[in-house]
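To start, the structure itself, in structure tokens.
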Amino acid sequence: MEQFHATTIVCVRRGNKVALGGDGQVTLGNIVIKGTARKIRRLYHDKILAGFAGATADAFTLQERFEAKLEKHQGHLMRAAVELTRDWRTDRVLRRLEAMLIVADAEHTLVLTGNGDVLEPEHGLAAIGSGGAYAQSAALALLRNTELSPQDIVKQSLEIAGDICIYTNQNHVIETLGE
């Protein structure tokens, strides 16, 4: 099965701005299948950003389920996330899905895991995927030591992760919310 675990997704929040970005590489084992995949989406009337890592079909399934929860709860991010992860834990089919999501709106950044966790990370910073630790480290250093915008921090942290992680490329998609 095609995997997105070999990817990098990073989200940075500073002030009233948030940026979420990901690379475009998709691998099957140790072969690059695609270099221009779009793993970042705008949801619920462009008010919510979502990025995913994991098995491709699983990630798309979770994204669709999350969108349905957003519609049901009129775009309330936390409620939709909690309800999705509740289903994820209790549904026999969903429980087998191997993917993670980072979702963000104007106020919150959340990481949704296959274990049914809803995590709100510290420092307004979250990263997932095989290059996630590299991107998170770079982004944290940039947050602490520069005045760069969230978009610029995401871009630079993805570049650094791509220089280190063989499963992350330099083809980035970055979406932003806020002024």
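Counting begins at 1 with the first residue displayed.
Cβ coordinates are placed from backbone N, Cα and C, and glycine is handled just like the others.
Lifted from Swiss-Prot, the feature list:
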- T7: active site (ACT_SITE)
- G162, C165, T168: Na(+) binding site (BINDING)
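Shown here: features listed in Swiss-Prot, placed on the structure.
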residue	record	DSSP (3 states)
T7	active site	coil
G162	Na(+) binding site	helix
T168	Na(+) binding site	coil
Practice problem: Other than G162, C165, T168, which residues of the same chain sit close to Na(+)? List them in sequence order, counting a residue when its Cβ is within 8 Å of the Cβ centroid of the site. | Solution: T8, D23, Q25, S130, G131, Y134, A135, L158, A161, D163, I164, I166, Y167, N169, Q170
Practice problem: Give the number of CB atoms, excluding that of G162 (Na(+) binding site) itself, located within 10 Å of its CB. | Solution: 21
Exercise. Give me the Cα-Cα distance between C165 (Na(+) binding site) and T7 (active site), rounded to a whole Å.
Key: 9
Quiz item: What count of other C-beta atoms do you get within 10 angstroms of the C-beta of T7 (active site), across all chains shown?
Solution: 29
Quiz item: Do any residues at least six apart in sequence from T168 (Na(+) binding site), in the same chain, have a Cβ closer than 8 Å to its Cβ, and if so which, in order?
Solution: A6, T7, T8, D23, Q25, G129, S130, G131, Y134, L158, A161, G162
Quiz prompt | All-chain count of other Cβ atoms within 10 Å of C165 (Na(+) binding site) | solution = 21
